[in-house]
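**Student:** Below: one structure in structure tokens.
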Amino acid sequence: MDIILGVVMFTLIVLALVLVILFAKSKLVPTGDITISVNGDADKAIVTQPGGKLLSALAGAGVFVSSACGGGGSCGQCRVKVKSGGGDILPTELDHITKGEAREGERLACQVAVKTDMDIELPEEIFGVKKWECTVISNDNKATFIKELKLQIPDGESVPFRAGGYIQIEAPAHHVKYADYDIPQEYREDWEKFNLFRYESKVNEETIRAYSMANYPEEHGIIMLNVRIATPPPNNPDVPPGIMSSYIWSLKEGDKCTISGPFGEFFAKDTDAEMVFIGGGAGMAPMRSHIFDQLKRLHSKRKMSFWYGARSKREMFYVEDFDGLAAENDNFVWHCALSDPLPEDNWDGYTGFIHNVLYENYLRDHEAPEDCEYYMCGPPMMNAAVIGMLKDLGVEDENILLDDFGG
């Protein structure tokens, strides 16, 4: 009898707790439709369900806000202005938003919970962002650790981007084995030397990342990316390899791939100032886009030079393209510096790190380096070294433009 009574009492207690939880949920968790007012325009208002994040609610309504980290709160790109209904700003947002900006309503859409009706402001250009399912045209090695992914836009569609812009690419859940990569023989030596074929990328959820475009606006119907494989650092080989780069490197001709865009802020200024482009690694992409756009589409007569850093000749690419541009345009020159040339390279060009080469062979004797515009994209250490050198020369922040893909 005592056992039965104990079971009954336990059951009643559990039921009571469930009722308390359900009651609390009904009071604390909103139900019904939530209306998100956008730019005070009734036609742009979004009706959604509570419980998710603002970034997802916007995407569900076909409004794609840039988020290079896929909504993790680390890139700080998904900035919107929340005029009401967003709650208090979170500590994760304050890494990217100043207190002054927060007072103005600046928030990260990926961190704002949708709980009540909201009133937000978005830049008008966001409404031009679209999503496309593209087809892989080619995916070829251009260097040991860099591939050129070329995508075909669906027939009748176009991506109205500006040179220096970027798209976001989606990777589904996947299991990629590096052993399945088709690495050309000329690059296999380093892959085997560093035992890279042992790695695998196992991902159970969709991932979104941003990549700058290497093509320029008049290369119609395609999107071209330079993608560096993100392998674990040598001193910490147990770190998982890069999710998105592993996926992109697995793509083959004919595969489907979803992108959204265009996005961007790394655009050329409309001035007559001299342009100095500095790149390294996969930072080649926006450099190619900008330089081709200036010379082939705009037929610019601005003085410009391109300084690219690589380890060896094996890591140089688009050489014929830039040689051709230099031959066709008297106002353009380009130089490559190798930091670790191989004996078989028979290299007689510049050697060393690109920031030193640029300074010693050009800017040191330039009559007014502070008047030039500097456009750069490369590994974080390169960016920091170049910026430090430019600061020492008296170049103001407004003339230093950075596509900080690795920051």
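Cβ atoms are placed via backbone N, Cα and C, with glycine included.
Here the structure is a predicted model, which means the values were calculated and not measured.
In case it helps, Swiss-Prot gives these features for our protein:
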type	residues	note
BINDING	CYS69, CYS75, CYS78, CYS110	[2Fe-2S] cluster binding site
DOMAIN	32-126	domain '2Fe-2S ferredoxin-type'
DOMAIN	129-269	domain 'FAD-binding FR-type'
REGION	272-389	region 'Catalytic'
TRANSMEM	3-23	transmembrane segment
**Student:** Measure the Cβ-based neighbour count of CYS78 ([2Fe-2S] cluster binding site), defined as the other Cβ atoms within 10 Å of its Cβ.
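**Tutor:** Cβ-Cβ neighbours of CYS78 ([2Fe-2S] cluster binding site) within 10 Å number 24.
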**Student:** Give me the DSSP three-state residue breakdown of the domain '2Fe-2S ferredoxin-type' (32-126), ordered helix, strand, coil.
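**Tutor:** Split by secondary structure, the domain '2Fe-2S ferredoxin-type' (32-126) comes out as 18 helix, 28 strand, 49 coil.
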**Student:** If you count other CB atoms within 10 A of each CB, which of CYS69, CYS75, CYS110 wins among these binding-site residues?
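**Tutor:** Sorting the candidates by Cβ neighbours within 10 Å, the top entry is CYS110.
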**Student:** Summarise the domain 'FAD-binding FR-type' (129-269) by DSSP state, stating how many residues are helix, strand and coil.
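**Tutor:** The breakdown for the domain 'FAD-binding FR-type' (129-269) reads 23 helix, 57 strand, 61 coil.
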**Student:** How does the model score the region 'Catalytic' (272-389) in terms of mean pLDDT?
**Tutor:** 97
